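Structure first, then comments.
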Amino acid sequence: MSWQAYVDDHLMCDIEGHEGHRLTAAAIVGHDGSVWAQSATFPQFKPEEMNGIMTDFNEPGHLAPTGLHLGGTKYMVIQGEAGAVIRGKKGSGGITIKKTGQALVFGIYEEPVTPGQCNMVVERLGDYLIEQGL
């Protein structure tokens with residue numbers, strides 16, 4: 001399966017039991033910042049934004065004082081899982097980032113999608129990729 005198919009079929013799909021509700025943007029990005037696949041709506045990000053995200057995975061709490069920036073949008077960092085998941089909030093939406101062995105799985109959402117639904121979609125694919133050694 002292509003990386004684009006993972007984004008299209010597993011991240012940008014309807015959320016179980018909520019037809020028509022889906023993430024607003026998603027991507028799979030290598031630890032080096034190279035985009036493996038992304039939705040058409042995923043923001044253009046700067047290398048320093050990706051560096052900050054990777055630093056937070058290695059040094060949990062790094063982004064808490066400044067916020068998480070992606071594509072020029074600032075998210076307030078909320079409770080995640082140290083070294084595994086970063087979660088951010090902005091207004092009625094937010095972001096979930098799951099780290100796998102080789103990649104970062106991104107999901108961005110707006111209401112009516114809930115933070116929990118975004119977490120479920122992103123983390124389920126991330127856990128699958130980890131099981132596959134990716």
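Cβ coordinates are placed from backbone N, Cα and C, and glycine is handled just like the others.
As annotated by Swiss-Prot, disulfide bond applies to Cys13-Cys118, with the evidence given as a curator's inference. Here Swiss-Prot flags 84-100 as motif 'Involved in PIP2 interaction'. Annotated phosphothreonine per Swiss-Prot: Thr114, in sequence order, evidence recorded as similarity to another entry.
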Quick tally, other C-beta within 10 angstroms, Cys13, Cys118; top of the disulfide-bonded residues is Cys118
Same-chain residues at least 6 beyond the ends of the motif 'Involved in PIP2 interaction' (84-100) with a Cβ under 8 Å from one of its Cβ atoms are 24, 53, 56-57, 63, 67-68, 70, 73-78, 106-111, 113, 115, 118-119, 122-123, 125-127, 129-130, 134
Residues near Thr114 (phosphothreonine) in space but at least six apart in sequence (CB under 8 A): none
For the motif 'Involved in PIP2 interaction' (84-100), report the average pLDDT of the model, please. 98
